[in-house]
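**Student:** Would you mind keeping the following structure in view while I ask a few things?
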Amino acid sequence: MEYDHIRAVDPDVADALEAEVERERDTLEMIASENFVSEAVLEAQGSTLTNKYAEGYPGERYYGGCEHIDTVESLAIERAKELWGAEHVNVQPHSGSQANMGVYLAVLEPGDKILSLDLTHGGHLSHGHKVNFAGKLYEVEQYKVDPETGYLDYDEIYEHAVEFEPDIIVSGYSAYPRQVEWERIQEAADAADAYHLADIAHITGLVAAGEHPSPVGVADFVTGSTHKTIRSGRGGIIMCDEEYADAVDSAVIPGMQGGPLMHNIAGKAVGFKEALDPEFEEYAAQTVENAKVLAETFQNHGFGLVSGGTDTHLVLVDLRESHEDVTGKDAEEALEDVGIVLNANTVPGETRSPFVASGIRAGTPALTTRGFDADDIERVGDLIARTINHIDDDDVKAEVAEEVQALCDENPLYE
Ligand SMILES: *Cc1c(COP(=O)(O)O)cnc(C)c1O
């Protein structure tokens, strides 16, 4: 990757950018929300579209000179409709959190009620955590997963909804390894006469490829991030039926944003085109298969998993079951030492602070993009287990680091 123009102006930033490419090449990226976009998406995001103001929507802009911008945004919208089958799509939210904000602004008034999953059980800040705008503006109650099984407890959600009478129920999660039964959440929303927002930030790509059931056509609103499993560069998206189109569009602009990030929308258009290729279905299927193999490998090493396995792209290890004294943070740091990058994560029934946590979350989207197959992933699972089992042994960690480098070299990235 060449940064000649940057280097001429700003060697400090050029050094950091080059070092980041090296870091991405020479580590195993297992943060479940991350992925590697194609060089085509990178080019789109680095294009001159960053220069253009385009407040408004295709065909109705507040600025002149938008003919090419309109082409790009219209393509992004059409491709998203094809990928997810939504009636209406807004591709302007700057990220997944902004997409959620757009939906809240479209249908809620300050003081209205949100029912969503607790952050420590796999929810997201933008679902109404008290430090987030949603927690400050709205009245929020939260549901939890079943502490015994790690699965969503749909009966509890139903009862909670009937009792709390929320204006909106939020489903879709950051650290839930199982399939979500959207219809069951919709039943709770119907019973409470509430809207239903399904936030598929993590699983956009799995849903598009048919590897996870789709909430489109079930929930009133579907939101997502575009840089996670769908691999289309940093950004957000809102989908809904035609009846909510105007409310959503005017919530995004003028409600909460100014000019759209057109270079990122170009990235979305290109990434969505890539995702419409049949090869993307193979990618999504391999991502899920790899997560299953990772889960089995962990279990073979005696590790406990939240919900006992996975149906998605991620595995949540509950370290308390095998390593009482190893915190999520300890594991995260030891793994980073050997070149495996993932994050500490809270687990249901968490007893430690969220910064320390008792679990780790490991995802397969990025490694699968790099070409890792089931055998490679089994090796990765073995290396993770070995590191955690020998967390204070520098000799073992040096050996693991060598094997990590070998795996990276076998699966090149951004050549
Ligand atoms: C990642 C995520 C988001 C959005 O995050 P951004 O960083 O704002 O794109 C929203 N909801 C869930 C459930 C997520 O996991």
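Yeah, the Cβs are placed from backbone N, Cα and C, and that goes for glycine too.
This is the feature table in TrEMBL:
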BINDING   Leu119, Gly123, His124, Leu125, Glu242, Ser353, Pro354, Phe355  (6S)-5,6,7,8-tetrahydrofolate binding site
DOMAIN    7-384  domain 'Serine hydroxymethyltransferase-like'
MOD_RES   Lys228  N6-(pyridoxal phosphate)lysine
SITE      His227  site 'Plays an important role in substrate specificity'
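Thinking about packing and proximity, how do these listed features fit into the structure?
**Tutor:** The secondary structure of His124 ((6S)-5,6,7,8-tetrahydrofolate binding site), as reduced to three states from DSSP, is coil rather than helix or strand. For His124 ((6S)-5,6,7,8-tetrahydrofolate binding site), the same-chain residues 6+ apart in sequence whose C-beta sits under 8 angstroms from its C-beta are Gly96, Ser97, Asn100, Tyr173, Ser174, Asp199, Ala201.
Around Lys228 (N6-(pyridoxal phosphate)lysine), a 10 Å sphere centred on its CB holds 27 further CB atoms from the protein chains shown.
When secondary structure is read from DSSP and collapsed to three states, His227 (site 'Plays an important role in substrate specificity') falls in the coil class.
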**Student:** At the Cα level, what's the spacing in Å between Pro354 ((6S)-5,6,7,8-tetrahydrofolate binding site) and Lys228 (N6-(pyridoxal phosphate)lysine), rounded?
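**Tutor:** Between the Cα atoms of Pro354 ((6S)-5,6,7,8-tetrahydrofolate binding site) and Lys228 (N6-(pyridoxal phosphate)lysine), the distance comes to 22 Å.
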**Student:** What recorded positions in Leu119, Gly123, His124, His227, Pro354 place CB under 6 Å from ligand 1?
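**Tutor:** Cβ < 6 Å from ligand 1, in sequence order: His124.
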**Student:** Helix, strand or coil by DSSP: which one applies to Glu242 ((6S)-5,6,7,8-tetrahydrofolate binding site)?
**Tutor:** helix
**Student:** For Gly123, Pro354, listed as binding-site residues, tell me which one has the smallest number of other Cβ atoms within 10 Å.
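**Tutor:** Ranked by other Cβ atoms within 10 Å, the binding-site residues Gly123, Pro354 bottom out at Pro354.
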**Student:** If you measure every Cα to Cα distance among Leu119, Gly123, His124, Leu125, Glu242, Ser353, Pro354, Phe355, the residues said to bind (6S)-5,6,7,8-tetrahydrofolate, what is the biggest one in Å?
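**Tutor:** The two farthest binding residues have Cα atoms 43 Å apart.
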